[in-house]
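Feature annotations, courtesy of TrEMBL:
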SIGNAL    1-15  signal peptide
DOMAIN    25-242  domain 'Peptidase S11 D-alanyl-D-alanine carboxypeptidase A N-terminal'
ACT_SITE  Ser50  active site, acyl-ester intermediate
ACT_SITE  Lys53  active site, proton acceptor
ACT_SITE  Ser110  active site
BINDING   Lys212  substrate binding site
REGION    258-324  region 'Disordered'
COMPBIAS  275-303  compositional bias 'Basic and acidic residues'
COMPBIAS  304-324  compositional bias 'Basic residues'
Amino acid sequence: MIVAVLLGTAPPALAAPSRGPAPISELVIDAQTGRALYAANASIRRPPASLAKVMTLLLVFDALDMGQLKPGDRIVMTPAGARQPPSRLGLGIGRGMSVAAAMKAIAVISANDIAVAFADRIGGSEARFVTRMNARAAEIGMTNTRFGNATGLAPSGGVTTATDMAVLARYLIRHHPDRYRLFATRQIRWQGQSRPNHNKLLGKVKGLDGLKTGYTVPAGFNLAASARRGGKRMVVVVMGAQSAAARDLLVANLMESGFSSPQGSRPRAVVTHSARREGGAVPTRQDRMRKQLDRPRAAPQRDGRKKTSASRPAKPAKRAHERK
């Protein structure tokens, strides 16, 4: 179903999550206006997985704006942070790193240990930090969201909707355009190793420069993404896909459909996973997108260091709690 609504419109009252497997949530919005160009199941409440870390980073940005933190300050790993499961950076208890580097570790490799270390530093404890997360969510209009921790990890990661995640993505892009660039970082270097960005659409979808992937068993595969082409910027949110590949293909397809629409109009009809069964016929546009996504990416820049060889970086082992 194609809709044309403003994200500023109040969503339905908070309802209990539905039982049983939920259909995939899909949403395309014009980032300039907040207008939803395409939506399917966008108001279903579901676990955010690591999309919760977008809010964690927003609170870090707030702390920087208020002078509570400075980019050169040290974030010291706490016992609570060190106990977090993968994906993680692996900073030892009592060891520190700069705020700037720590933010990048969350944006690029979804480091759970660093997210909790930030929560302990800013909130005094993760529980108090989560209270701030929920207050901030309400403040910017995320009315169907309740965060349970700083990481989004199950079982207490909370609930959100594709609509609310688009609200958060748009807010961050509009109010923190310089810091938003963190999400476009292709890789980080840690202990002599390259750690690539979990968002595999960077460099494969034209203009795509963020935001964040997420995965837990209850959530499925999530991605909030944004791309800019000329004077247009789109935000696409997909939640609950059955695999990373299916999620990425769907996001790429939705992004292309959003940009292919004339300015101010609804996008052309698009066949998505919510409109067909897995394994059904895939439209020609999707066939082309799949071929594009299967191509190796160009070698990324190593955080200000010289370029790597043209060989593709080695893929890290898949994690039980957080996948790319």
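Backbone N, Cα and C define each Cβ position, glycine as well.
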Fewest other Cβ within 10 angstroms of its own Cβ, chosen from the recorded positions Lys53, Lys212: Lys53
Residue pair the residue listed as 'active site, acyl-ester intermediate', Ser110 (active site) - Cα distance, angstrom, rounded: 7
Rounded Cα-Cα span from Ser110 (active site) to the residue listed as 'substrate binding site', Å: 8
Other C-beta atoms that fall within 10 angstroms of the C-beta of the residue listed as 'active site, acyl-ester intermediate': 29
Inter-residue C-alpha distance, the residue listed as 'active site, proton acceptor' and Ser110 (active site) (nearest angstrom): 8
Three-state secondary structure, which DSSP defines for Lys53 (active site, proton acceptor): helix
